[in-house]
Amino acid sequence: MIKVGILDSTLREGEQTPGVIFTVDQRVEIAKALSDLGVSMIEAGHPAVSPDIYEGIKRIVKLKKEGIITSEIVGHSRAVKRDIEIAAELEVNRIAIFYGVSDLHLKAKHKATREEALRTIAETISYAKNHGVKVRFTAEDGSRTDFDFLVTVSKTARDAGADRVSIADTVGILYPSKTKELFSALTREVPNLEFDIHAHNDLGLAVANALAAIEGGATIIHATVNGLGERVGIVPLQQIAAAIKYHFGIEVVKLDKLQYVSSLVEKYSGIPMPPNYPITGDYAFLHKAGVHVAGVLNDPRTYEFMPPETFGRTRDYTIDKYTGKHALRDKYEKLGVKISDAEMDQILAKIKSNTTIRFYRDVDLLELAEEVTGRVLKPRPPEQIEALISVKCDSNVYTTSVTRRLSVINGVKEVMEISGDYDILVKVQAKDSNELNQIIESIRATKGVRSTLTSLVLKKM
C-alpha cells in the first residue's frame, strides 16, 4: 500500500528563486495557508541565514504550539553545529541537515574525503538529536552519487539518529525509470529508514521523477507552490498533488484550496503564473477548438482528466475562428439571448471571417448578434464584473507597503505600481455590483490609501 505526503518548501527552496523575498508577515501567512491546505510538513526556512527568516520561523512555531498550524515544522541547517543550535533554539519539530555527498561536491565544495564526510554527517546528526528534535538528512547531489556510497551515507545517517533521508536530485538529471530503480534499491538496502525525494526541474522531469520515487518507496515528496526554487525550481505542489490523486487515488492536500494558495504565493513572490500552467493557470480548464468544446458540452470527460470543480475551478471556452455552432449556441443561451439557426449561421460566418480577433468577449458577441438580427438585445446580468481601481497614496507612506496590503484583499487579482497622477493600479473581479462596492470600500479603508478612481472593464481584445 502506497504511503505518501508532501513537504512544502516554498519558504525555504521557494525563496531561493532569483528576485523572491518574503517578509516575515508573508512567511507566516503562507505557512498558515499551507497548513490549511493540509501539507504534511512545512520547511519554514534556514534560520541561520538572516534575522527575518529566524523571526518568521519563530512566529510559525508559535502558531504550531497554539494549534493554529498543524503541519510539522522543519528548520533547514548546514552540517554545522552553530546552524543546528540556532534551529534547535526555535523549537522546530525537525531539523533538516544537508551535506553534498557526490564525489564532485566532496572535492569542489567540501574539500573532504568520503571518510571525513561520513564523520561530519554522523556527528552533526547526533548533535541535533541530542537537542531533542527529529532529524532528516539531505544527501545533496544524491542522484550523482556512487550508489554504494549513497547506501553507506544513508545507513550512517540512520544509525546517528535520522529517521528520514532526502535524496536530492540537485541538478535535475534523473529520469523516471532510473528514479524508481534508485528508490527501490535504497529502500531494500537500508531498512528502518524513510526516504524523501527533492527533485529539481532542470529537464522538466521533476513531477515524473516524484511519481516514480513514490513507486520506488519514497514517502515524502518535496514541492513548492508554483514550482518556485533555485534556477527553474522543483516539483510544483499543485501538479504533483493532482497527479498523485489521479494516478494513486490519494488526496495529499485539499485540492480545492490549491488555487488560493497558488494565487497567494504568486502575489507575494512577484513571479507571474503563466496562463497555460497546469491546474492553476487561467487556461487549465479553458477549451478552444470546436470539436473539443462540442465534446466537453456533451461529456466533460472527453477533454478533462478531472473535473475543474475538484480544484475549485470552473470550465469555460473561448469564441474565435475555431469555434463551432455548439459552443456559440451555448454561449448565447448563457447570455439569455435567443438566436435562430439562420442568424446563428450568419454570426458564425462573421466570426470565422475575422481571423485577427483572439477572443470574442460577451459584449462582442452581443454586438454581432444585434448587427445580424437588427434587434436591441438585453442579456442577463454578467456573471462577474471586472474593474480597474486607480489608487492615490498618502505622501508619507511607502507605496510598496500599500501594494502589499492591497494584494491580499479578496477579489483583488493584480496590483501594479504605476507612474502618473495615481500610484497604484488594482485589477479586481466581483460577482455583482454589491461585491464590487465591498472590494472598493476595502481598498479605500487600506492604510496609506488617500483616494481611488474606479473604471469598469467593458471589453477586452
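Positions of Cβ are set from backbone N, Cα and C atoms, glycine also.
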**2-oxoglutarate site partner of ARG12, HIS76, THR170 (as recorded in Swiss-Prot), chosen from ARG114, ARG119, ARG136, ARG188** = ARG136
**Item:** Binding-site annotation, Swiss-Prot, Mg(2+): partner of HIS198, HIS200 in GLU13, GLU15, GLU370, GLU371
**Value:** GLU13
**Complete:** Note: among recorded positions ARG12, HIS76, ARG136, HIS198, HIS292, least Cβ-dense neighbourhood at 10 Å is HIS292
**Prompt:** Reported as an integer number of Å, what is the Cα distance between ARG136 (2-oxoglutarate binding site) and HIS198 (Mg(2+) binding site)?
**Reply:** 12
**Complete:** As a whole number of Å, the Cα atom of HIS292 (active site, proton acceptor) is distant from the Cα atom of HIS198 (Mg(2+) binding site) by 37
**Request:** Going by DSSP, give the three-state secondary structure for HIS200 (Mg(2+) binding site).
**Result:** strand
**Item:** Helix, strand or coil at HIS76 (2-oxoglutarate binding site) [DSSP, three-state]
**Value:** strand
**Fill in**
Within 10 angstroms of the C-beta of THR170 (2-oxoglutarate binding site), the count of other C-beta atoms across all shown chains comes to 24
**Residues close to 2-oxoglutarate site centre defined by ARG12, HIS76, ARG136, THR170, Cβ within 8 Å** = SER9, GLU13, GLU43, HIS46, ALA96, PHE98, THR138, SER166, ALA168, HIS198, HIS222
**Request:** Would you work out the biggest C-alpha to C-alpha distance among ARG12, HIS76, ARG136, THR170, the residues that bind 2-oxoglutarate according to the record, and give it in angstrom as a whole number?
**Result:** 17
